[in-house]
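Novice: The structure under discussion is supplied below as structure tokens; questions concerning it will follow.
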Amino acid sequence: MLYRLARAGFFQLDAEKAHDLAISNFKRFTGTPFDLFYRQQLPHRPVQCMGLTFKNPVGLAAGLDKNGECIEAFGAMGFGFVEVGTVTPRPQAGNDKPRLFRLVHAEGIINRMGFNNLGVDHLVENVKRAKYDGIIGINIGKNKDTPIEKGAEDYLICMDKVYPYAGYIAVNISSPNTPGLRSLQYGEALDELLAALKTRQAELAAKHDKYVPLALKIAPDLSDDEIQQICQSLLKNKIDSVIATNTTLDRSLVEGMKFANEAGGLSGRPLQNRSTEVIKCLYKELGEEIPIIGVGGIDSYISAKEKLLAGAKLVQVYSGFIYQGPGLVADIVKNL
């Protein structure tokens, strides 16, 4: 009830202004009596994945807390893990505004943010300060002005800096809002990137006496053949997990709606079925060898369960959380 009232007010604002206000309030309320408005005590539902123990299988997807400013607040809401970022080596402003749009009737969101963030060094300081006993995933990307052929260098820079502080590292090569980025999902480009990341992972594991798993985040806009090729690269390079999926460019389910023609990636309920199909295809190829983190359109216990039955080991929410609030986390965790 409280969230529905708050949402009514937030939804009167521009989508990005509402997001920024929410982040600001979470920062302000953390550790004060006001965090009672969103703090939840949820049952323990531990899950083993990537050699880590997650308090429960419901995580916050990357993109909501890009700079790691509200990790404790999201932990208080009952998330079993929190993924922050996407972060890049250098700060960048992202794409021009407006760049975030609600498709309210479809419970969807279109964004073309463009990896706006304050840079990896800023994020690392926030992660170091966070008082959160759950798993923190750190999602890394490349700067917009880094040529795609040198993209691996940006991922390695970020990896070096976040490695000591991350529970796992998510490699984002699937955002549709950085020109050319999705080309890294294919063929030799993917193999070369994954090989470089695994080599650096081994070096950093020896240096820090700590093994931090790598998860690759992929797009939903892939053919079955392309997914199979990605799976071959994942297996060949012994990547620890795959996150399925990022946002979609497909607009078939929202055609004619306000903002449907805005450029960017679509998330939320319109992505629900397609992301589950991708998970099924991944599981067919990977089985239990490489765990899958399912994300895309989860807005209820039922849709979360569908992802788990399709083969996902963990799930993440973002758009569903925007529309439903912390109660969505409780609904899923309590019913598992």
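Cβ coordinates are placed from backbone N, Cα and C, and glycine is handled just like the others.
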Novice: Same substrate site as N111, R112, M113, G114, F115, N172, N177, N246, T247 according to Swiss-Prot: which of K55, K66, K284, K305?
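Specialist: Looking through K55, K66, K284, K305, the residue Swiss-Prot assigns to the substrate site is K66.
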Novice: Quick one: which of N25, N126, N139 does Swiss-Prot put in the FMN site with A62, G63, L64, D65, K66, T86, N172, K217, T245, G268, G297, Y318, S319?
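Specialist: Same FMN site in Swiss-Prot: N139.
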Novice: In DSSP terms, helix, strand or coil for G268 (FMN binding site)?
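Specialist: In the DSSP reduction, G268 (FMN binding site) maps to strand.
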Novice: Quick one: pull the CA-CA distance for K217 (FMN binding site) versus N172 (substrate binding site), whole Å only.
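Specialist: Counting only the Cα atoms, the answer is 5 Å.
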Novice: Provide, as an integer number of angstrom, the distance between the C-alpha atoms of G268 (FMN binding site) and R112 (substrate binding site).
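Specialist: On Cα coordinates alone, these residues lie 15 Å apart.
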Novice: Can you give me the residues near the recorded substrate site, meaning same chain, not K66, N111, R112, M113, G114, F115, N172, N177, N246, T247 themselves, Cβ no more than 8 Å from the center of the site's Cβ atoms?
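Specialist: Here the nearby residues are G63, T86, G94, S175, P176, T178, G264, G265.
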Novice: Of A62, L64, N139, S175, which recorded positions are close to R112 (substrate binding site), meaning a Cα within 10 Å of its Cα?
Specialist: S175
Novice: Under 8 Å between C-beta atoms and at least six apart in sequence, can you list the same-chain neighbours of G114 (substrate binding site), or say none if there are none?
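Specialist: Spatial neighbours, sequence-distant, of G114 (substrate binding site): Q92, G94, N95, R99, K144, N177, T178.
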